[in-house]
Amino acid sequence: MPVFHTRTIESILEPVAQQISHLVIMHEEGEVDGKAIPDLTAPVAAVQAAVSNLVRVGKETVQTTEDQILKRDMPPAFIKVENACTKLVQAAQMLQSDPYSVPARDYLIDGSRGILSGTSDLLLTFDEAEVRKIIRVCKGILEYLTVAEVVETMEDLVTYTKNLGPGMTKMAKMIDERQQELTHQEHRVMLVNSMNTVKELLPVLISAMKIFVTTKNSKNQGIEEALKNRNFTVGKMSAEINEIIRVLQLTSWDEDAWASKDTEAMKRALASIDSKLNQAKGWLRDPNASPGDAGEQAIRQILDEAGKVGELCAGKERREILGTCKMLGQMTDQVADLRARGQGASPVAMQKAQQVSQGLDVLTAKVENAARKLEAMTNSKQSIAKKIDAAQNWLADPNGGPEGEEQIRGALAEARKIAELCDDPKERDDILRSLGEIAALTSKLGDLRRQGKGDSPEARALAKQVATALQNLQTKTNRAVANSRPAKAAVHLEGKIEQAQRWIDNPTVDDRGVGQAAIRGLVAEGHRLANVMMGPYRQDLLAKCDRVDQLAAQLADLAARGEGESPQARALASQLQDSLKDLKTQMQEAMTQEVSDVFSDTTTPIKLLAVAATAPPDAPNREEVFDERAANFENHSGRLGATAEKAAAVGAANKSTVEGIQASVKTARELTPQVISAARILLRNPGNQAAYEHFETMKNQWIDNVEKMTGLVDEAIDTKSLLDASEEAIKKDLDKCKVAMANIQPQMLVAGATSIARRANRILLVAKREVENSEDPKFREAVKAASDELSKTISPMVMDAKAVAGNISDPGLQKSFLDSGYRILGAVAKVREAFQPQEPDFPPPPPDLEQLRLTDELAPPKPPLPEGEVPPPRPPPPEEKDEEFPEQKAGEVINQPMMMAARQLHDEARKWSSKGNDIIAAAKRMALLMAEMSRLVRGGSGTKRALIQCAKDIAKASDEVTRLAKEVAKQCTDKRIRTNLLQVCERIPTISTQLKILSTVKATMLGRTNISDEESEQATEMLVHNAQNLMQSVKETVREAEAASIKIRTDAGFTLRWVRKTPWYQ
């Protein structure tokens, strides 16, 4: 099947596919309509010339290359293309003498398909060789990174730096060229991100090596920390380069991303559970421990982490973990309630506490087993990939030694492990059957090579057979691992809500459990938010979570019994929809409040750590102060990460923002212990310049990452809501200050005033970012003026707070401070108002009564109605032709996933009127065309010509959507929305081009009996996946274009009318 993951492959395949589509249509006209096929000598000669040139270049490359895999894989591709060309030439010659020849028509269609498939194979083989060149450079850097472990002198360090630089430059250049060539936007982003991380870590590596060499040679303290810093940086760089190598080899969507994320999440959850277990059990053992203190919070965090693991599991494993979490949560509530009533030492309370303690052990064991199983399957999958890669090199070399056989045997052993962990017996048996076949073929090939016949035609054919069988085995094991995981919900809130809504609307449709997974994900996030809330707020949110959970379970039960369309189910669906809306609103309010509190000050703890690390050697309690500040910094960093994750999950962020937050949280978690180690080196080596520079490097890297995280979190939540939450928090801080002054508590006053100042500065940062993001001069001016006013109020308030703290009983000073506080509040309100400009009054106010003029003149008489005439009725508004989505007829054969993707786009576009909005009109047209394609692709109706023409019409509508979206982006004043719109719409042309090529491939197979079911199904699968991607990209483009149209330039000549068919308030 054709792959086109690079622009070069796509640019060569498109014109070939265009020529082939003409030949396919001619074939059909001859076969179905009985028409004479015209002389094809000229078009066939054009195809032959293009392909022959490609083959000639390929053969020249094979002669000069040292790449054994290229030498092995090129000849079969040459033969395939040349045979197909021969068939086309023969067909053209036969049709010259007999335009109605049936064998000639067969040659024509088979040759056409062979040309497309063979050209694709040829281009892919070329491309794989180019990728191997880049990988060789990457592996060279990987090997040289390990040399860092033996660098122990400054001379060695200088030499190491000089040698590493050119290699890094070469790798960066090759990666940059490669990412520009890729058509998959996600793969481009992954390569760029990993390469940028490697570049950022290079100075950190040199700094870490330098401090290690310095401490080792001077025999100073801190060598262990220096070693940790160096090894961490080497490990991190190696991991990123390995990720680059993995992404370079991807030719389609990324199947492995979830596995590494899930394994990492499980390990992190386990580590967190282990660290909290003693504290939790201590609270349970002590009947006098207060409810709500750190011990109870530890239990809540354990249940939260275990719940995350449960959500990553499937089937029985998932039910057991989540059921245990829920039960232990309820029992902990009961223990806390009994202790709050002073009954903590009662037999009932003691028994409950002991049951919770035992339950935590059981839960931990279940979580460990789940993590172990996922890690085993993931490790086996990754091991198979490496061993098969090595085996392919051995298979390409006729004189290869016995080590290749060992690699194959190792791959088969790992595949057997996956088979044994499979829940599906059919999948397990399929893998085991493949293992037996590959073992037999490999043994036969090994015998031939040991006899010195490795270069014989039989051995070469066997080697090719084993190579293909290994690739098929890898596909089967990958699928088995993927199927062992639960259905994946969207990563962002709107995506989850949409998936949930789709299931609620049609609970009987099989969506592979995605809708219910989305609801479970939302409920799980609700529980996580509730865990940090206190008292009635927590209970209220938990009650809403439970309500959604119960309604979803009841609806799923009805659907399972075949009653998903019953009146009871419809009533349940309506209740569930309302409950989800309530839950979403409360979750977003809770999350915004938490962001306002936790992100009000991100850098003070690291600055205090820096002060402690640079304290003079004779400072009192130097070590104790440092340890305390290091612990505070670590806790603070953890809180930032946890809150950012909640903002990603519950905020209004898009997928790229969510992934950006997750990446920055991961980096913060990794950097935090390294910063503490660097600070400890500085503490133990006062005055050491290398230690100071190294700490500064690590500190700045942490601060830069947290600033990036803060910006992304601000993107994820509504700015107006954040300002509202911050304003409310300042009011509460001001109330605390009043209490402090009344109770003569200067420290409490200082804490409140400091919090007010931090929150005000945070508001200034948010406002500054929004000004930088906007190109609307009026908005920028209004926000900047309000920000400047707020900025002027902060310092006077801090000065007044210091004055009143020094003499807290002075009423005059108290009044001055409160006046300063209220001025800050007033300035904050003005900033908030600048983000919500006043709407003009509607309807307009009546004119002043003074303007009315009364006269004595009578009004003229009313003219008589026309006699004998009946006014014509008002004509009905013209109906929009693209409103109705075609329903599937009884017995009609369609491709269900393709039809579903088309329906989802149509549902999105139907929210808006297409009058005066060409994007909506084109999107509806595309959805209807894709619905038609879902019929054609199964060959149930229509023709090859219809399939090819349908793909062309979809591509034409795609071009229209892209052109219009770019026009909207050009006029949008919001840089962030503009970038999002361009990123989404720029995917569309590539996908629509691929759709045309894949449709041509599929058309060559319709009605043919000499094609295997597997080959035909593979072509359909690729076409379906492409169609789903296209529909999703257009759907996202519609949403982003609507958002961008709100922020359009006032002087823009280009406008689109966005009129909702169903108003938002209904």
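Numbers run from 1 along the shown chain.
Including glycine, each Cβ sits where the backbone N, Cα and C put it.
Per Swiss-Prot, the feature region 'N-terminal globular head' maps to 1-835.
Here Swiss-Prot flags 168-208 as region 'Talin-interaction', drawing on similarity to another entry. A mean pLDDT of 93 is what the model gives for the region 'Talin-interaction' (168-208).
For the recorded site, Lys173 (N6-acetyllysine), the DSSP three-state label reads helix. For Lys173 (N6-acetyllysine), no same-chain residue that is 6 or more apart in sequence has a Cβ closer than 8 Å to its Cβ. Sequence annotations record features per position, and here Swiss-Prot assigns N6-acetyllysine to Lys173 (among others) based on similarity to another entry.
Summarising the annotation, Swiss-Prot assigns region '3 X 112 AA tandem repeats' to 259-589.
Taken from Swiss-Prot, the feature repeat '1' covers 259-369.
Sequence annotations record features per position, and here Swiss-Prot assigns repeat '3' to 480-589.
Of all Cβ atoms in the shown protein chains, 25 besides its own fall within 10 Å of the Cβ of Lys496 (N6-acetyllysine). Under the DSSP three-state reduction, Lys496 (N6-acetyllysine) is assigned to helix. The N6-acetyllysine annotation in Swiss-Prot covers Lys496 (among others) and is backed by similarity to another entry.
What Swiss-Prot lists as region 'Interaction with ACTN4' is 741-764, and the listing cites similarity to another entry.
Annotated region 'Linker (Pro-rich)' per Swiss-Prot: 836-878, in sequence order, evidence recorded as similarity to another entry.
Look at Swiss-Prot and you will find 857-887 tagged as region 'Disordered'.
The annotation region 'C-terminal tail' is assigned in Swiss-Prot to 879-1066 on the grounds of similarity to another entry.
Among the features that Swiss-Prot reports, region 'Facilitates phospholipid membrane insertion' is placed at 935-978 (among others). Within its own chain, the region 'Facilitates phospholipid membrane insertion' (935-978) has Cβ neighbours under 8 Å at 21, 24-25, 27-29, 32, 715, 773-776, 779, 892-895, 898, 918-919, 922-923, 925-926, 929, 984-986, 988-989, 991-993, 995-996, 998-1000, 1002-1004, 1006-1007, 1020, 1023-1024, 1030, 1034, 1037, 1040-1041, 1043-1045, 1047-1049, 1052, 1054, 1056, counting only residues six or more beyond its boundaries.
The region 'Facilitates phospholipid membrane insertion' feature in Swiss-Prot is assigned to 1052-1066 (among others); the stated evidence is similarity to another entry.
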Per-state residue totals over the repeat '1' (259-369) - DSSP helix, strand, coil: 94 helix, 0 strand, 17 coil
